[in-house]
Amino acid sequence: MKSRVYVRFDRGFHVICPYQAKLAGSRKNDGAGYISPLALKSPIGLQHDLEDGCRIRSAFGKCIVNSRFLALIDVRKSGFKERGSKEPHGNSFVYWVTYSFLQFFETTMDELPSGRGMGGRLPFNQSFWEEFLSGREGQLPTLPDISHVSKSVIRILGGNPGSMHLQGTNTYLVGTGRSRILIDTAQGLPVWIDCISSFLHTQKIELSYVLLTHWHGDHTGGVPDLIAQNSSLADKIYKNHPDSGQNPITHGQIFSVDGATVRAIFTPGHSVDHMCFLLEEENALFTGDNVLGHGFSVAQDLGRYMDSLRDMASLGCRIGYPAHGAVIENLPGKLEEYIQHREGRERMMLSALTRQRVRGEGLREEGVKCGLTLNEIVMAIYGKLPPEVIEKALAPSLLQVLWKLTEDRMVGFKPGDPLKRQWFALEQRKRNKARGYPS
């Protein structure tokens with residue numbers, strides 16, 4: 001089944017599932033909805049607005065999600081309040097979401113073009129992504145629902161396998177005694193809470209701490225179920241940028257139980273609040289969504305994400321326990337692969353723009369331009385590709401790289417229609433001047 005979601009920038013921010021556009025008062029009742037991110041306040045959009053953007057985006061994490069179940073969130077006040085699936089009133093900010101594509105929305109909303117007038121539209125073909133990601137999903141190794149991955153770490157799957165979650169969200173019980181640490185709570189599906197509750201009961205295990213790597217719903221969704229099972233856990237939930245009633249996590253904070261000393265490591269980039277956790281007894285790192293067991297992750301802020309990957313590498317941890325996928329037996333190698341992958345893409349794009357600048361300067365009289373549009377950059381690197389591949393698969397990530405190169409003073413752009421925007425490599429002397437270095 002094909003469906004469309006349209007992206008639009010204006011003064012508001014809401015996500016409307018295409019199936020619910022009519023209920024939410026879409027201008028056209030044609031199965032289309034709108035994603036309307038925060039108004040652009042700088043040439044590089046929301047990259048400089050991460051704190052506010054995180055507050056708005058964190059409404060996603062409040063959704064009680066089962067497959068394609070929809071939730072409506074009212075965020076008019078500083079705290080987010082779940083209102084159920086009622087029709088919106090007045091000027092409420094509302095979120096209609098299909099959970100299967102939360103991470104896609106998360107990675108693209110900063111970079112998609114605003115278009116003409118009050119906002120342009122970029123169609124999102126759901127079937128394209130489902131076909132692309134289902135192929136990757138089919139190649140994954142099978143993981144058991146519960147497995148002892150080390151002497152002090154037990155992995156319990158969240159029961160939410162899918163194209164965006166690989167085999168499902170990994171949740172971890174850490175420690176060797178009766179008292180344990182739980183890292184992440186999965187999506188909030190009944191299969192997970194039933195599984196972990198039964199395991200805790202039969203093994204006579206109690207939870208001393210519940211640590212959340214970040215705000216995304218497939219990591220925080222099980223919190224209400226845990227508290228419903230055991231109300232005393234309400235005081236034991238820890239998260240960076242905590243929600244009401246939760247405890248904060250700070251960089252370097254230590255959480256200790258028998259057989260496990262866990263240190264919190266602030267690693268923003270995938271999300272603004274992302275934390276990893278270092279298990280000192282094993283020299284192992286719970287990598288959250290920054291590094292996955294299979295394939296590559298996505299980043300909200302590419303610059304901070306790259307810094308976090310390097311910070312993670314500097315820890316020297318041997319083993320990685322990712323939030324999705326199998327155990328990473330060679331974490332240093334995986335981190336190097338991630339860094340080289342991202343840096344390689346930066347080098348390719350900068351090289352393409354540099355070649356065009358040199359060519360344009362040499363043939364200026366013949367009308368050869370010095371910059372390239374995004375489509376022309378894709379052509380220079382990958383050759384001719386179908387438009388839907390460029391728009392749906394490449395544009396979001398490549399735009400993210402261009403904005404990072406802009407922040408690094410390596411690339412500039414000419415203002416104008418984002419769809420036709422010219423990007424160009426800065427000369428070395430201009431790069432030095434922009435960075436405050438002597439020419």
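Backbone N, Cα and C define each Cβ position, glycine as well.
Residues or ranges marked as active site, proton donor/acceptor in Swiss-Prot (evidence: sequence analysis): Asp218. The 10 Å shell around the Cβ of Asp218 (active site, proton donor/acceptor) contains 28 further Cβ atoms across the protein chains shown. For the recorded site, Asp218 (active site, proton donor/acceptor), the DSSP three-state label reads helix.
Listed in sequence order, the residues of the same chain lying 6 or more apart from His214 (Zn(2+) 1 binding site) and placing their CB within less than 8 Å of its CB are Lys239, Asn240, His270, Ser271, Asp273, His274, Met275, Gly288, Asp289. Residues or ranges marked as Zn(2+) 1 binding site in Swiss-Prot (evidence: similarity to another entry): His214, His216.
Look at Swiss-Prot and you will find Asp218, His219 tagged as Zn(2+) 2 binding site.
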